[in-house]
Amino acid sequence: MATLVRAEDEGVIASPLPQVVGYVLVVVVGLLFAFVMIGITALLKRTQGEDNSKIETFMVADRKVGTGLVASAVVSSWLWSTALLSCVLVTYSYGVSGAFWYGAGCSPMIAAFAYLGIICKKRIPEAHTVLEVIRLRYGTLAHISFGFLAVVNNLFNTINMILGASSVITFLTGMHIMSSTFLVPVGVVLYTLFGGIKATFLTDYIHTTIIVILCLYLTIKTFQHESVGSIGGLYDLVVAAQDEHKIAGNYQESILTMTSKEGINFAIILLVSNFGCVIMDTGYFIKAFAASPSSVVPGYIAGSISYFSIPWCLGTVLGLVAIGLEGSPSFPTYPRVMTSEEVTTGLVLPYAAMAVAGTGGAVAVLLMTFMAITSTLSAQVIAVSSIFSFDFYRTYVNTEARSSDLIRWSRFGVVLFGIVSAGLTAACHYGGIDMAWTLYTIGIVVCPGTFPTVFAILWRRQSRVAAIGSSYLGIITGIAVWLGTAYRFGGEISIATTGLTLPCMYGTVASMFSPLLFTIVISYFWPAQDDWETLEEHRLAVTDDSKSGGVSANEAEEVPKNAGPSKQDSSIRVVGKADTDVQQRRWTRQAMIWAIATFLGHWVLWPLPIYAANYVFSKAFFTAWVVVSIIWLWASSITVSVWPLWSGREQLIGVYRALF
C-alpha cells in the first residue's frame, strides 16, 4: 500500500445523492412528520382527553408519561447528530478507545440525573422548569442569571447539532449549507408549536427507533463487505493500516489500544461537559417532571444503559472500517485520505458508510442525521419555550397568566429560538467554527452553573450569594484558564488553538470545579437554612384555564420561610407528587445506587485497568469486544422500540377502542 498523506488542498468529493433528495427530506419529510404529530395530538385529545390547549398537557403531558416512553426519550435526548458523527470521528482520531469513551462519557450523567429527577419531583412536585426552583430559593437576580446560563447551554447545544447535521446533509445531497442550516429547524418548530412535550416524546420514540435500526443496518453491511467479511477480517484490515495510521500518544502508536493520551483527555472533557449539559438543560427536568413518579428512575436508568451501546458499537465498527478501507478503491476519497476539514466537520461516518454500503450507506447516514437533529432539536426548543413562558412571561410580565397566555408565549419562544439558533449556526459556518470545535469547547460555556444548580436542589445551606457568585466566578475562571492554556500551548489565541484538546480539557475542568470550591467557601461564611417543606407548598401548576397561581418575582425575592398552605382547595391532589414516602425513599435509593454503579462500571472499573495495562488488543480480545457491543446494541434496540409499546399498551388499546 502506498503511503497515504493527508492532503489539505484536494477537491471536494461529489455528493452521492441528488440535491432534490436533500430538499425532499428536509422540507417534505420534515413537514410530513409535523402534520403526523399534529394528527396524533388531535387523536389523543379526542380519545384520551389529552388537551394540548392546556399548558399542563402542552408542557409536562399532565405528568403521567410511562417508563418505556421516558427511556426512549432519554436515549433520544443524547442521540445528537453530533454524537452519531463524533463517535466515529474520535475512533478514527484516537483509535478504539474513542468510541468507548464517547458512550462512557454520556451514560453516567443520564443515570445521575435519575437521582436529581426523583428529588425534584418530591421537593417541587408542581414545577415545570428547574429555574422555578432557583427563583423560589434565591430570588430574581439568581433566576435571571441561571436563566441566561440555561439559554446559553441550549443555544450552544443546538448550534453544535446543526453544524454537524447541516455539513453532512450538504455533503450527501449537494444542498447549499445555508439551506440545510435554516430548513432543518422548520419541521421541528411546527410540530413543537402544536404538539408540545407529548409530541416531543412521540417523535423521540419514532426517531430513536429508526436510528437504532439504521445503526444495526450499517453494522451488518460492514461485515458483509467483501474486504471485511467478519470481525476478524476487520481486525486484519486495521492491523494492515496501522503503519499508515499511527496515532501519536497511543501506546506503540496503535489504533487497537485503550492506552491513549488524547483519548483519555477527550474522555475527561466529555464526562465533565456532559454533566454540565445535562444539569443546565431544562429539557431534562421537563421530561422528569412530565414522567409519572414511578417512571422517572427506571426510565432514566434504562435510557442510560441503552444509550451506551450506540456510540460504542457504531463508533467502533464504522470508525475502524474508515481506517481499514481508507486506502482502498471503495473509499470515497481514494486515492487520498480525508482532509482535516473533512474529519472535523463529521464526514468520517458518511464516508465509511458509503465504503461499505454504497448509496444505501449514504441514504442511511442522511436519514440518521435528519432523525437525530429533528429529535434532539425538538427537546432543545421545548426547553427554551418553557423558559419563555414560565420563567419570563409568567414571572415578570403577567403573574396572573392563564393557560392560553402561557401557550401563546411558549409558541413565541419556539419560533424565536428556531430563528436565532439557525442564524448563529450560519454565523459559525462563515466564521470557520465547525462541529469539532464546539464539541470540545461546550463544557467551558455550560459548566459554571452546574454545581450551584445541583446544590439548589440538594443542599439547604447554599446561600443566594454563593449560588450567584460562584457561577460568575466559575465563568471567569474557566475562560481565563482556557484562553491562557491555548496561548501557552498554541502560541496565540485563535479558533485553531482554542480548539486544542489540552486547553479545552483544562478550561472545562476549571469551569466545572471552581464553582464547587467557591460555593462551599461562600456558603460557609454566609450560609442559608432553607426549609424544603416551603418549596413543596408553592402552587405552580396551572389548572384548566384559570389563573396560573404563580409566585411573582417580588414574592420570590423574599423567599418566605413560613409560607402557609395553598389557598386552593385541599382536596385537589398535588400533581406529580410521589405515591408514598416509602416509595419515594426506595426510588431515591435505587437511583443513587444505579448512578454510582454506572459511573464505576462504564468509566472506572472497566476501561481504566485496560488503559493502565499498556495493552494492544489481540484478535480474540477484539472479537469479544465487538461482539459484546453488538449484542448490547441489539438489546438497546428492543428497549427503545418495543418497551414503549408494551408500557403504553393500555393507552394504545384505549385509542383503538375509542376509534373502532
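Cβ atoms here come from the backbone N, Cα and C positions, even for glycine.
These numbers come from a predicted model, not from an experiment.
According to TrEMBL, the protein has these features:
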TRANSMEM  20-44  transmembrane segment
TRANSMEM  65-94  transmembrane segment
TRANSMEM  100-120  transmembrane segment
TRANSMEM  141-163  transmembrane segment
TRANSMEM  169-194  transmembrane segment
TRANSMEM  264-286  transmembrane segment
TRANSMEM  307-328  transmembrane segment
TRANSMEM  412-433  transmembrane segment
TRANSMEM  465-485  transmembrane segment
TRANSMEM  505-526  transmembrane segment
REGION    545-571  region 'Disordered'
TRANSMEM  591-612  transmembrane segment
TRANSMEM  624-646  transmembrane segment
Seminar exercise, completed: Listed stretches 169-194, 307-328, 465-485 vs the transmembrane segment (624-646), most Cβ pairs under 8 Å: range 307-328
Exercise. Against which stretches of its own chain does the transmembrane segment (505-526) lie, if we need a Cβ under 8 Å and a gap of at least six residues from its ends?
Worked result: 265, 268-269, 272-273, 275-276, 441, 443-445, 447-452, 455, 459, 461-463, 465-467, 469-471, 473-475, 477-483, 485
Exercise. Which stretch from 65-94, 100-120, 412-433, 465-485 shares the most C-beta pairs under 8 Å with the transmembrane segment (141-163)?
Worked result: 412-433
Problem set entry | Other parts of the chain folded back onto the transmembrane segment (412-433), taken as Cβ under 8 Å at six or more residues beyond its ends | 154-155, 158-159, 162-163, 166, 177-178, 181-182, 184-186, 188-189, 192-193, 380-382, 384-389, 495
Seminar exercise, completed: Between the transmembrane segment (20-44) and the stretches 100-120, 169-194, 264-286, 465-485, the largest tally of CB pairs under 8 Å belongs to 169-194
Problem set entry | Dominant neighbour of the transmembrane segment (307-328) in 65-94, 169-194, 465-485, by Cβ pairs under 8 Å | 65-94
Exercise. List, by number or range, the same-chain residues at least 6 past the transmembrane segment (100-120) whose CB is under 8 A from its CB atoms?
Worked result: 74, 78, 83, 86-87, 90, 94, 127, 130, 133, 258, 263-264, 266-267, 270-271, 274-275, 277-279, 284-285, 288-289, 291, 293, 296-297, 299-301, 303-305, 307-312, 315-316, 454, 457-458, 578, 584, 587-588, 591-592, 594-595, 597-599, 602-603, 606-607
